[in-house]
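Trainee: Mind having a look at this structure? Questions to follow.
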Amino acid sequence: MMSKLGVLLTICLLLFPLTAVPMDGDQPADLPALRTQDFEPERSPWFDPVRRCCSQDCSVCIPCCPPP
């Protein structure tokens, strides 16, 4: 029984190698603006200089402030 499972596992790995699974590096970035060189959250209109974070949602400005 174990040898049959081994043969089945070998066949499955040959047909569908682990390299065919997409890795995290292949996924698009959630926030492409963070990848640019000129991204400065301090210049955002929602940036709170006292708390050093943005008062808006994280999809709008990074780093976003923790909820109160």
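Counting begins at 1 with the first residue displayed.
Glycine is no exception: its Cβ is also placed from the backbone N, Cα and C atoms.
Residues or ranges marked as disulfide bond in Swiss-Prot: CYS53-CYS65, CYS54-CYS61, CYS58-CYS64. As annotated by Swiss-Prot, 4-hydroxyproline applies to PRO63. According to Swiss-Prot, the signal peptide annotation covers 1-20.
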Trainee: Of these disulfide-bonded residues, CYS53, CYS54, CYS58, CYS61, CYS64, which scores lowest on Cβ atoms within 10 Å?
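Mentor: Counting other Cβ atoms within 10 Å of each of the disulfide-bonded residues CYS53, CYS54, CYS58, CYS61, CYS64 gives the minimum at CYS58.
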Trainee: Can you tell me how far the Cα of CYS58 (disulfide bond) sits from the Cα of CYS65 (disulfide bond), in Å?
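Mentor: The Cα atom of CYS58 (disulfide bond) is 8 Å away from the Cα atom of CYS65 (disulfide bond).
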Trainee: Rounded to a whole angstrom, what is the C-alpha distance between CYS54 (disulfide bond) and CYS64 (disulfide bond)?
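Mentor: Their Cα atoms are separated by 5 Å.
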Trainee: Far apart in sequence but close in space: which same-chain residues, 6 or more away, have a Cβ under 8 Å from CYS65 (disulfide bond)?
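Mentor: Within the chain, CYS65 (disulfide bond) has Cβ neighbours under 8 Å at ASP48, ARG51, CYS53, CYS54, SER55.
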